[in-house]
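Reading through the structure tokens given below for one structure.
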Amino acid sequence: MATTHSAEKEFGGALGATCIPVFLPLTVLYLLSVCRSPAASVLQWPPPLPPAAQLWDPLAAVLVVGWITLQSFLYLLPIGKVSEGLVLRDGSKLKYPINGFHALSITAVLLIVCLWLGMPLGYLFELILPLAVCAIGVSYLLSMYLYIRSFWAPQHALSLGGNTGNPLYDFFMGRELNPRIGDFDLKYFCELRPGLIGWVVINLGMLMKEVELRGSPSLAMQLVNGFQLLYVTDALWNEEAVLTTMDIVHDGFGFMLAFGDLAWVPFTYGLQAMFLVVHPQSLSTLGAAGIILLNGIGYYIFRKSNSQKNQFRRDPTHKSVAHLETIATATGKRLLVSGWWGFVRHPNYLGDLLMALAWSLPCGMSHILPYFYVIYFTILLIHREARDEKHCRAKYGLAWDTYCRRVPYRILPYIY
């Protein structure tokens, strides 16, 4: 058994790690229930709690297991290139298949076939609560498996932040950094495959439900589906970039990531589409054009800044980044202080937030529920920025202080 580390605890420590695995799954089910209710008010009393019979359907269990099996099969297909991750503590590098976009494309073809055969994808609206229950159950089972198997992992394979010796906290954060079954990387697979692709499939189901109810999809529904499909497609097209993110490099694989990937993302990120099924909205051409412009600006900032960062990490001498001003650090690495990363410290977060707002605006201004994502995401990114800040200050020391003086704003220029 590995020795423990006295790492500073995050997310409220042991108390947070005990409460979050209880309250976040309940939050998912509550939000879905509110979204389907006529009032769609998060503060209505009594809350619109569904009867227990509506929380389970054997078909939902079959669909969730079948979906994960399909995405696992697509992950294992020998298509696309293979990339190396960053250097691990033992000096080794893991190899990862870069075929997420292929998986999305094959899934799209299968969905087209399903529609051609007349399969009622709109029935996903009726199944949404049982599907969420099953996804939550899978995330719990996976997390328990990950925690138990981590005690047979070598010391160098453990995550420093999830190896504290407190069982509840370590279960939540994840003890093992890169758990694998053979060459199948469990964390990397869950990060971008079943939940992210599942999100747009659920969105499509909501669009088809609207077609059933009203004869055609509304402009608002088309915008929500289009914006979020662009986001997911971009993530999978640029899948290699995830290999340098905090989730892959720093965080262990425990309940936090398992639940987030498999349940939180597909069932809360797309609340707007579900809201529009029950609460249709009309959009003017001018209003739609403004929302498209906002999403376009956000996407441009998000993609350009991420591409610049990823290119610099991979090859600082590349012609697209070689001219940028940098600061030397004691680790031998350099920090960007010009280009997008001289504008604010996290320009990609700024782009993310602009897109999040654009996803919610098609739902109108009469309800706060469709804005849950942008509110939650703002809190998440501020918290993630604080984690990044702490990690970078510990890693780069005085060089990070110099960078912060050069680039004083964290996410929003002249405000934050």
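Just so it is clear, glycine is given a Cβ too, placed from its N, Cα and C backbone atoms.
As annotated by TrEMBL, transmembrane segment applies to 12-33 (among others). Counting same-chain residues at least six beyond the ends of the transmembrane segment (12-33), those with a Cβ under 8 angstroms from any Cβ of the stretch are 42, 47-50, 55, 128-129, 132-133, 136, 140, 143, 166, 168-169, 171-173, 255-256, 259, 263-264, 267-268, 271, 274, 369, 372.
The transmembrane segment annotation in TrEMBL covers 53-77 (among others). Beyond the ends of the transmembrane segment (53-77), by six or more residues, the same chain brings 29, 97, 99, 102-103, 106-107, 110, 127, 129-131, 133-135, 138, 184, 189, 193-194, 197-198 to within a C-beta distance below 8 angstroms of the stretch.
Sequence annotations record features per position, and here TrEMBL assigns transmembrane segment to 98-121 (among others). Tertiary neighbourhood of the transmembrane segment (98-121): same-chain residues 70-71, 74-75, 77, 79-83, 192-193, 197, 201, 204-205, 208, 212, 232-233, 235-237, 239-240, selected by CB-CB distance under 8 Å and a gap of 6+ residues from either end.
The list of residues near the transmembrane segment (127-148) in space but at least 6 beyond its ends in sequence, with Cβ under 8 angstroms from a Cβ of it, reads 21, 25, 28-29, 32-33, 36, 50, 54-57, 59-61, 63-64, 68, 167, 170-171, 174-176, 179, 186, 190, 202, 253-255, 258-259, 261-263, 266-267, 274. Residues annotated as transmembrane segment in TrEMBL: 127-148 (among others).
Counting same-chain residues at least six beyond the ends of the transmembrane segment (253-277), those with a Cβ under 8 angstroms from any Cβ of the stretch are 11, 20-21, 24-25, 28, 31-32, 35-36, 40, 125, 128, 131-132, 135-136, 138-140, 142-143, 146-147, 159, 162, 170-179, 186-187, 190-191, 194-196, 198-200, 202-203, 206-207, 209-210, 213, 218, 220-221, 224-225, 228, 247, 359-360, 362-363, 367, 369-370, 372-373, 376. What TrEMBL lists as transmembrane segment is 253-277 (among others).
For the transmembrane segment (283-302), same-chain residues at least 6 beyond its ends with a Cβ under 8 Å from one of its own Cβ atoms are 218-220, 223, 227, 230-231, 234, 340, 347-348, 350-359, 361-362. The transmembrane segment annotation in TrEMBL covers 283-302 (among others).
According to TrEMBL, the transmembrane segment annotation covers 322-344 (among others).
Annotation source TrEMBL lists transmembrane segment at 356-382 (among others). Outside the transmembrane segment (356-382) by six or more residues, the chain places 31, 34-35, 40-42, 219-221, 223-224, 227-228, 268-269, 271-272, 275-276, 279, 281, 283, 288, 291-292, 294-295, 298, 346, 349, 411, 416 with a CB less than 8 A from a CB of the stretch.
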State the non-local partners of the transmembrane segment (322-344) in its own chain: residues 6+ outside its ends, Cβ under 8 Å from one of its Cβ atoms. 301, 304-305, 308-309, 312, 316, 350, 395-400, 402-403, 406-407, 409-413
